[in-house]
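As given in TrEMBL:
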ACT_SITE  GLU116  active site, proton donor
ACT_SITE  ASP249  active site
DISULFID  CYS314-CYS346  disulfide bond
ACT_SITE  GLU360  active site, proton donor
ACT_SITE  GLU382  active site
BINDING   THR466  Ca(2+) binding site
Amino acid sequence: MKYAEETGKQIKFPKKQEENLGEKTFNNDVNTERQKKVKEAMLHAWTAYEKYAWGFDELQPQSRSGTNNFGGLGASIIDSLDTLYIMGLDEQFQKAKEWVTNSLDFNKDVDASVFETTIRVVGGLLSAYDLSGDDVFLQRARQIADRLLPAWNTPSGIPYNTINLAHGNAHNPGWTGGASILADSGTEQVEFIALSQRTGDPKYQDKVEKVIKQFQAIFPEDGLLPIYINPHSGQAETYSKITFGAMGDSFYEYLLKVWIQGNKTDAVKHYRDMWERSMEGLIKLIRKSSPSSFTYIAERSGSALIDKMDELACFAPGMLALGAFKDDSDKALKYLSLAKELTRTCYNFYNSTRTKLAGENYIFSDGEDMVVGTSWNILRPETVESLMYLWRITGNETYREWGWDIFQAFEKQSRTDSGYVGLRDVNSGEKDDMMQSFFLAETLKYLYLLFSPPSVIPLDQWVFNTEAHPIKITPWLDLVQKVGDHQIGQERQEIRTDPRLHGRFESLGRIKSHILERTKYRDRLLGRKEGRSLTSSDI
């Protein structure tokens, strides 16, 4: 079998490579045309959803009906908000906004995934707020986050992964044996920290940072945690496997992204330190196939390595490249080199099948390179996500060509008259009947950005959550204004005027103490180590 190799011309950049990247490589008709094709695909997918499944979580294109897999919260609408906005589909964005304003109902007597609701709904609404500035999105994000908060009320602070949205009853699914899942418990930090930043209310950040403190307390030397965590003791269930695929993946991603979101300050340095330790652990899982020497990330059970890699783990090369962004250190160069090797493997997950679409996972064995394990393709985004990062950070046009190949395969194999479907089998090409909401949120958005200039959602101003919702990195002065002036000032005014608070603050000393706690919270956001001194104007 013939496999693809990285052959594109490498472009050398000065330190501010992203700004120059667009000028050097974007101004050509080919990429403009490809960008338009991706936008047309999004419009086709959205129009089909609007026609056949409006208000449902997801579209079933072949049966031309809607289905609710995420609590009936209109997941495809919320997941699409930022994609529509970024692509300039204004009419469609306005209709989606009207639905969020007038029809979105969180009071559902359903058990919802805390993880999925956070990354799709909270993340999608926050991103729409950051892009459009419309307060309705922030208000809605806060409403659903408040319904999720009881999930963190456990002895260890590790959240339960399922919650009833109407009643607040939280629990873990029976199939985990009562354990919480690593990725499901460690992938709410970006969204909840952003919510605290934008509302000035620390309760969201406090909940998710307590999780990281517990993970710090049990963090192993190699930085690799098993996929099951006991929510009562806070300890890892060591019988469970270690993986950068399903149930492990985005925990490691968010260690890096919270550090970026936090302006890379001392206050978030422990996130970067934990991430780097985990990357050293990842390197110990790296193996090579034969005869083609594909680099892949094995899984681990106990001390034994398992020669299997999920397509989900193809987020890792993009993460490694992002961790090396604007960094010329030897460690960063090592991360980037590994990212390139893994991207080649992930692209060949696609290129090696008859349909040119990747299976769900691959098995590696001596003399056979990669063999499809689970054979379905559900329109996943992880490989094109990494292609976007690798192109932006290296400037190698090969990554755009590979992305175009994948897009064309989706067009050929997955496009129908009523939307896009996955494949039940990437070898036979048999179609399923589901247009996943992440196809709209992630796959098409990353492809669109791959063919756009890097000034569209620049990596030094935005951080993507794990559902590809871009969250604005809040500059230092904005944080001073939001958390300092609003939060502390509001608390001071409440103490003065609200008689319900008088009994809580019997003395000037207690008032000062309360304000100081809020100041410390603001300073944590700003990366300061101590609160400022109180003055007479504070009270």
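A Cβ is built for glycine as well, from the same backbone N, Cα and C atoms used for every other residue.
TrEMBL: automatically predicted annotations, no manual curation.
This view paints the features noted in TrEMBL onto the structure.
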{"residue": "GLU116", "record": "active site, proton donor", "Cβ neighbours (10 Å)": "22"}
{"residue": "ASP249", "record": "active site", "Cβ neighbours (10 Å)": "24"}
{"residue": "CYS314", "record": "disulfide bond", "Cβ neighbours (10 Å)": "29"}
{"residue": "CYS346", "record": "disulfide bond", "Cβ neighbours (10 Å)": "29"}
{"residue": "GLU360", "record": "active site, proton donor", "Cβ neighbours (10 Å)": "20"}
{"residue": "GLU382", "record": "active site", "Cβ neighbours (10 Å)": "26"}
{"residue": "THR466", "record": "Ca(2+) binding site", "Cβ neighbours (10 Å)": "26"}
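The recorded positions shown are GLU116, ASP249, GLU360, GLU382, THR466; of these, the one with its CA atom nearest the CA of CYS314 (disulfide bond) is GLU382. The shortest Cα-Cα distance between GLU116 (active site, proton donor) and any of the recorded positions ASP249, CYS346, GLU360, THR466 is the one to THR466.
In this structure the alpha carbons, written CA, of GLU360 (active site, proton donor) and GLU382 (active site) are 11 Å apart. The separation of GLU382 (active site) from CYS346 (disulfide bond), Cα to Cα, is 9 Å. In this structure the C-alpha atoms belonging to ASP249 (active site) and GLU382 (active site) are separated by 11 Å.
Each residue contributes its Cα atom, and for THR466 (Ca(2+) binding site) and GLU382 (active site) those atoms are 10 Å apart.
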